[in-house]
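Before any comments, here is the structure.
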């Protein structure tokens, strides 16, 4: 229990391990998770250490496992996770693991390569199938031949070729080729467009060739050098517009392009993505255009396929393609089944393999921190260990030695050191979140008072003062309770959602904040901006019914309408209907309790510094820092709190003068007059100037003593340090910031097994630091007291927002009647509930949380908490595996 209020006592130990037993011993210490090793080779490069080859082998195994994991996730195969953590395998088992991973990786890569090759062949055959289908339709249709209007040309038989089955280009094709059966000449525009498809050389030879046409001449014609030819292929659909433009520009319009879309998307064998492609066919004439067209196709990564001219050849090729596609489908299915079986078998052991490899790597990485003795047979390590766990660590070392079969026992020797030990606070699932709040401000110095156990109470309470509402607190408490009840299942999900992880990690904080908010909600008698009349109001109306109905504002007198006894618990519900002065009353009440809670909280923080000074036996700080600070705070601000209680006790509306409500002085004005030594203003008639006898003398005395504490805090400690140094006749002094502090830390070493040994500060720096601390404390006492008024401000804002939502939203639905009113009320209630949860619970809750965090970090912890330590980071397999899994998910 002592470690809850202070960090664990730590010891620096030297560990001697035989080389054969070092691996097993470090493995046992990793399972235990209570040892933090120090690097004894800080100047040695990471690549020059003894076990760097083993670490590299582990990296290679991790790479292979990540490859297997990626392939398993790609196929959506679930990986078996039993939640168990297998032991670290022996070094000789690394060879078996490497062989297993190498075999799996090679087999999987071979299967993937074969599957990729098969898919590539399948893609090519599928594209060829679509080309044959589209071009078959193209060549089956009939398109007329275009003739020149000249009697010099004799008629001949020509083969005529149509366009592809593309309806949107039918008009263009008809315009380009003209209409069959025209007599007495053809359209000049059509003829000129058709002539553009052939070269100038062919045009000059037109007298001997006869009519202009698209396609090939009959086989009997010998002038084949000038006849057009075609290429067919497939291209990505998004590249087709640019492809057409490039063809037109590069070939100057001397090509004829037809294209048709492939309706079904095709699978890219490289990455498995679905791509959309289109079939195209290009007619041209001459070898020069042929070369140019093929280069353009290559530049746009279009795939060209052979397309026979004869219909019989195309049909025969299509049948062969379909047969090969069916065979490929069968082989692909068998390949995928084999790949799936390999991955399923690997998925059963992948998690355990990851754990084993990470443990091996962590062990060898830790062994690289050790030193070798001169005989090269013994490894020497230095480590920080909790003093209470030394016996447990020795038992773990003994188990590791027995497991390795070594006959030489390990030696754990405790060392004396001046190094500052790490800070280790034992936590459980309940205290872990509160300790995280403290560590976020700064890790505690070694054996410094830990604010976490006190924060467990003060944090949710101060939050509840700002968030006090029975309904909103119940929502928050139920959410926290649900996470607590389901924590095992929710923790097993291991999601990477940061917001959810923050909520789940702070589930106990959320639950306590909700419970405390329910309590303060009962004190405020506030539930969704309404009040509960549990015990019955202690105020009674003395007016008749007609007076109440006719007057908008009526005043109740405490002398006649109040029973004289307060409401048993919390506020009287009558204040809920007091529209005129409800806010005034709540303001006065919440403002005063904010100051009261703030002053008590700060005094408690100063008292905590007394525990630090006495524990470290720092007599100078105890006498000349703690006592002046406490006196200053008590004589000024705690005195102001006492005046509030005196005012509440002595003055009442039922009392006669001089103790009636009219004679009650203002606490704020009284405090200001006290500090400035002002003479109070004359009180009303029959009233007294002061609340009690001797008040003026006591106030002057308190202010003078408080002001006198300032030079004590400022000068006493540096002057005593200077005197001690002169007596020791040491310049400069070796120690901490003061002799007393040096002795305190050194004596603290007797408590914890190690003390701090820091370089000494110069006297000028000590005076400067002391001046800063003194000014900060004096001015901070004023500003911190005012800072606690945020408790009042946020509580008032929260209550007013809840009242606005009730008045402006929910009350509208409650005023409706009949069946329509039920529907309206349902919709309005849903809207009101969303706003309540979203604004008042989440946003207002976050705001109150942040303000509470600031009050603890600045106003409370600054009184005693330095937070200049460093965290204890033991060699633990659990932490290493958890961090490795989180890094892999990212």
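A Cβ is built for glycine as well, from the same backbone N, Cα and C atoms used for every other residue.
Per TrEMBL, coiled coil is recorded for 51-128. Taken from TrEMBL, the feature compositional bias 'Gly residues' covers 745-755. The feature region 'Disordered' is assigned by TrEMBL to 739-758. Summarising the annotation, TrEMBL assigns transmembrane segment to 456-484, 504-524, 593-611, 626-646, 697-716, 791-814, 820-843.
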Residues from the same chain, set at least six apart from the ends of the transmembrane segment (593-611), whose C-beta lies under 8 A from its own: 449, 451, 454, 458, 462, 465, 622, 625-626, 629-630, 633-634, 637-638, 640-641, 644, 781, 784-785, 787-792, 855, 859-865
Contact check, the transmembrane segment (791-814) vs the transmembrane segment (626-646), 3+ Cβ pairs under 8 Å, seq sep 6+: no
Same-chain residue ranges lying at least 6 outside the transmembrane segment (456-484) that approach it to Cβ under 8 Å: 431, 434, 437, 490, 503-504, 507-524, 526-529, 532, 593-594, 597, 601, 790-791, 794-795, 798-799, 802, 836-837, 840-841, 844-845, 848-849, 851-853, 855-856, 860
The transmembrane segment (626-646) in contact with the transmembrane segment (504-524), cutoff 8 A, at least 3 CB pairs, sep 6+: no
Confidence summary for the coiled coil (51-128), mean pLDDT rounded: 91
